[in-house]
Amino acid sequence: MFEEANLRKRGKLASDFTPFGSAVGMMDGNSYNHSWKFPFLPCLISAAVGFILLMGISTLSDHRLPAPILLKDASSHPGAFIGERAYKHLERLTSIGPRVAGSYENEIRTVDLLMREIGFIKQFANAAHKITMDIQKPSGVMTPMTDGIDHNTIYHALANVVVKIEDKNSSHVNAESLLVNAHFDSVFGSPGASDNGVSVAVALEVLEVLTRRTEPTRHPVIFLFNGAEEKGMLGAHGFITQHPWAKQVGAFVNLDACGAGGREIVFQAGPGNSWLIKAYAAAAPYPFANIVAQEIFEAKLVPSDTDFKIFRDFGQIPGLDLAYFKNGYVYHTKYDDIQHVSLSSVQRAGDNLLALVSNLANSDWPSMRDSGEIVIFFDYLGLFMITFSNVSWHLLNITLITLAFYQSIAWVTLQDADSPSGRIGTVCKQVVFSCLTGVFQMLGAFFAAWLTVGVVTLAGFTMSWYSRPHVLIGLYGMPALAVALFVFLQVSAAQERALKSSFLMERVQFEGAKLNLTLIVLLTYMYGIRANVLLLLWLSSAIFGRWFLDKVYQRKTIDGGWLLLHFFSFAVPILQTLYLSDSVIALLVPISGRNGIHSNPDLLVAMVTVAFGLLIAAFLFPLVSLVRHARRILFLLMAGHLLVVLAVIFTPLGFPYSTGIVEAKPQRVQILHVERTFYESNGLVRRRESGYWLFGWDHHIKPELLAPLEPREGVKLVDESHCHTLPYCGLPYYFPYLKRIRSSYWAPAPQPLIYHPTRIELIDLKLTGVDKRSLTFTLTGPDHMTLMIWPISGVKLVGWSASKELPHADSFYTERPLYFVTYFYGVQPNTPYELTVTLEVPPSLSGKQVLEIAVTSHILHGHESMANEFANTLKKFPSWMYAHGWTATYSHWSF
C-alpha cells in the first residue's frame, strides 16, 4: 500500500504519465482500501435492472416495425410505398395455393395474375416512362460452377415474367440496368407467403410507385418474377443466360426468405463492389445488415441457397441479397401463410426496397468495379449502418491492438515503478495470471457446456429448447458461466492476498480480460475473419471507457457512481451483442429442425450461447471482486440451471415441438409413397416393390414415426451399403443429399397409383470409334424427373448432347463416377426428351453391360401427387408434426 502524498513528493501522479489509464488505480481517501466492498443485494438488483433495461432496448430494436400506410391514406403520402396495396397483391397470390413449378397454378394462374397486375400498373403509369413486359419461356442446361453442388439440370419452357421500366425519351438503348428479382413459385404443400410471395408483392408495389413518378430513373430497372427457384434456381439461370436484357444488367437486388415476417436482412453483398452496400446504408430508412450473417451463410450453416448465387456465378454481376429469416419454423411448410406476414413487415420491406432501388437507379455507378474488393458492414440496433473498406478494417485492427497492448503495458510498468520494493513485479505477474485465468475460464465454460450437452443427449432431451430458445440460457448458459465464475473466484482469493487491495485486484483482472480479448482479436485478424467487428467494438469500449473512467475518478473516492459508470461504459457493445445474439439464435434454432441427424444440434447452439455469454461477462467478472459474498452468484446460477433442468424433465417445457396455427413450431417429417422397378437388360421387369420412404429432417427421426401409416411389415433403416450397388441406394432422391441416408427408413406399402409412368428407352446405339459408343435415349414422364447416369467401372463418360460441358460428377461416387441430372419442364414438350451420351469403353468390356441408369419421378401437384388413402393417413399424424409427402417412382435400367 502506498499513499498519494508519496507520489506527489516525486512531482507527479503516475497517472499523469499516460493518457491511457491511472497508474494509481482506484482510491478511497488517500489509500487503497483493503477490505471495503459493495454490498451484494444492491449490486445484484442494480445489475439485474441494468440488464433488463439493455435487453428491453435490444428487443425493441429487433421488433421495431413502421406503421403501415393504408390505401385510404395513399393520397396524403404521394410517392410512398403503400403497404396495404402490396398486402392485397400478397392476398391474391397466396389465394392460388401452393405454386409448384410445372403446376397449372404456377405456370398459368400465377403468370396470368402477374400479367394482369402489371398491365394495371402500366395503365396508370406516368407518360415519362417506357414500360416493356415479356413472358420468357427459357430452356437450357445448368451445370454447377461451384464446388459442393453435385447436380446438373436440364429444363424446358420455364415461366419468367419480366418487366423493364426506363426513360421514354432516353437515347441510351443499352444503358446499364438494375435488376430486382423475386421468385413466385413455392414448394410442395406450401402457400409460400413469405417464400416468396411477399417479395413478389413488395416488388410489384415498388414497380407501381416508380411508374407513377413524374421523373424517370437514370438507369433502367428490370423486375424479374421468376417461376422456378425452388427447383434449383432455374428461373434465374434461364434469364441471366438467355434473355436479351440480361446483358444490360450491371447490378441486382435479390429478394427471398428462409423465415416469415419480422425484418428482412442484407445477408450477402458483392462480391466486392462496396458501392452497393454503401448505397443501402445511405438509403434504407430501417437498415438491417451484418457481415456476420454473410459469413454464417458462406460457412454453409444455412442449408439453402438463393438466386444470388446464379447472378453472381453465371452473370458475373454484383448485387445484394435480402431475406426474411425470423420464424424459420414455418419455412417450406403449410404454415407459411399470410397470417405469418404482418402488414408492418411488408411496409418495412417496401420502404427499404423503394429507397434502395431509387438510390441505385438514380446514382452514378463506378466505371471500374472490383469483385475482389472486401467491404465490412453492420447496422447498430437497426438505427444506422456502419461500413468501411478492407484497408480501414486492417488499420482499425492494428490501431486497437496496439493501443490495448500499450495501455496495459504502460499501466503495469507505472504501477510497479511506483510500488514499494516489496511489491515490484507483483502487478505484472498478477496481470499475466489473470490473463491465463481467463483462458481457463473459457475452456471451463465450453467444457461445462459440452458436458451438459452429453448428459442431455444421453437422457434423451435434445432440442428441448427448439420451441423456446430462451431455455438455452438456463440449460447451457448458466452452468457454463457458473464454472467460469468458480475458476475466477478461486483465483481471486489468491490474488487478493497477494495484492492486498480489492480495487487494485479489480484493475489487474480488468487488464487480464482486456489482454485476452486483444489476443482473440489478433487471432481473428490473422485469419482474416471480418466478423470480428463485434470484438473490435468491445475492445474499443475497454480501452476508451476505462481511460474516461480513470480520468473522472483519478482523485475521487470510489462509490456506486463509479460502478454504474463502469457498467454503462460497456452499454454500446453489450447492446450490440444482445441484438446480434438474438438474430443468430433466431436463425440457427429453426434450422436445427431441418438439418438432418448427422450432427447434434445441441452442441452448436450450446457453444454459440456460451460464446455470447462469455463475451458479455468478460469485463463484468472483475467487478465481482468488488462485491461482498460473491459466491452467492454461483448458487444463483446453479439453482437457475437446476430449475430449468427439472422443468425440461418433468414438464412440457422439455418437449421440442409446439402446435397451433400462429405459433406452429412443428417437427418435419417427409414421407414419399414410392414404387421401385428394376429391369433386366432385355427390358423385362426383374422386381417391383412399393413402400413408404421416411426421410428425416432433425435429430429426433425414428422408425416409430411411421406408426400412423400402419405399415404391413416392419420398418427398417435403409442399408447404406445399397448406395454402392445401386445409384443413390435405390431411392428417388429429389436433390443429391446422400449424406442423409442415415436418417432414411423404409416400410413396405400398397402400390401407389401412377397416372404418368416414367420410361427411358434406348433408340439408337452407334460405334463412333474403336473405343467409343454413343447411346441415344428418349425420356418420358412427369415434369419433375431425375436421371442418374452411372457408367460401369472402366467406362468413361466423354460427352453428352445436353451441352458442350460435361455434367458434374457426384462427390460421393469417387471411384465410379455417377452423374445426377434433374430434368424439369414447365410446359410438357410435344415429343419425348432425347439425350445422347458418349462413352469410352475398353476392349475388355466389348459386348458387355457398360451403363446403368436410374430414372426417378416426383409427382408434386394435382390429384396425382398422392392417393386419397395416403393423404388421409398423413392427417393421422400428431398436430405438432408437419407430415407431408407425395408419390415418387424409381426405376433401374442396365444397358
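Glycine residues also receive a Cβ, built from the backbone N, Cα and C atoms like all the rest.
Sequence annotations record features per position, and here TrEMBL assigns transmembrane segment to 36-57, 435-459, 471-489, 533-549, 561-591, 603-626, 633-655. Marked as domain 'Peptidase M28' by TrEMBL: 160-357. The domain 'Endoplasmic reticulum metallopeptidase 1/1-A TM' feature in TrEMBL is assigned to 432-646. Taken from TrEMBL, the feature domain 'Endoplasmic reticulum metallopeptidase 1-like C-terminal' covers 665-893.
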Open item on the list: If you count every Cβ pair below 8 Å, which range out of 36-57, 435-459, 561-591, 603-626, 633-655 shares the most with the transmembrane segment (533-549)?
Closed with: 561-591
Open item on the list: At a threshold of under 8 Å on Cβ distances, which of 36-57, 471-489, 561-591, 603-626 pairs most often with the transmembrane segment (435-459)?
Closed with: 471-489
TODO: Report, as numbers and ranges, every residue of the chain located at least six residues beyond the transmembrane segment (36-57) whose Cβ falls under 8 Å of a Cβ in that stretch; write 'none' if there are none.
DONE: 28, 381, 502, 560, 563-564, 567-568, 571, 574-575, 578, 620, 626-630, 632-633
- [ ] Using a Cβ cut-off of under 8 Å, list the residues of the same chain at least 6 residues beyond the transmembrane segment (633-655) that approach it.
- [x] 44, 459, 461, 464, 467-468, 471, 474-475, 478-479, 481-482, 485-486, 489, 624, 880
- [ ] State the non-local partners of the transmembrane segment (603-626) in its own chain: residues 6+ outside its ends, Cβ under 8 Å from one of its Cβ atoms.
- [x] 37-38, 47, 438, 441-442, 445-446, 449-450, 452-453, 465, 472-473, 475-477, 480-481, 484-485, 488-489, 492, 496, 502-503, 505-507, 509-510, 513-514, 516-517, 534-535, 538, 542, 563, 566-567, 570, 574, 577-578, 580-581, 584-585, 588-589, 592, 633
Open item on the list: Mean pLDDT across the domain 'Endoplasmic reticulum metallopeptidase 1/1-A TM' (432-646), rounded to an integer, is what?
Closed with: 93
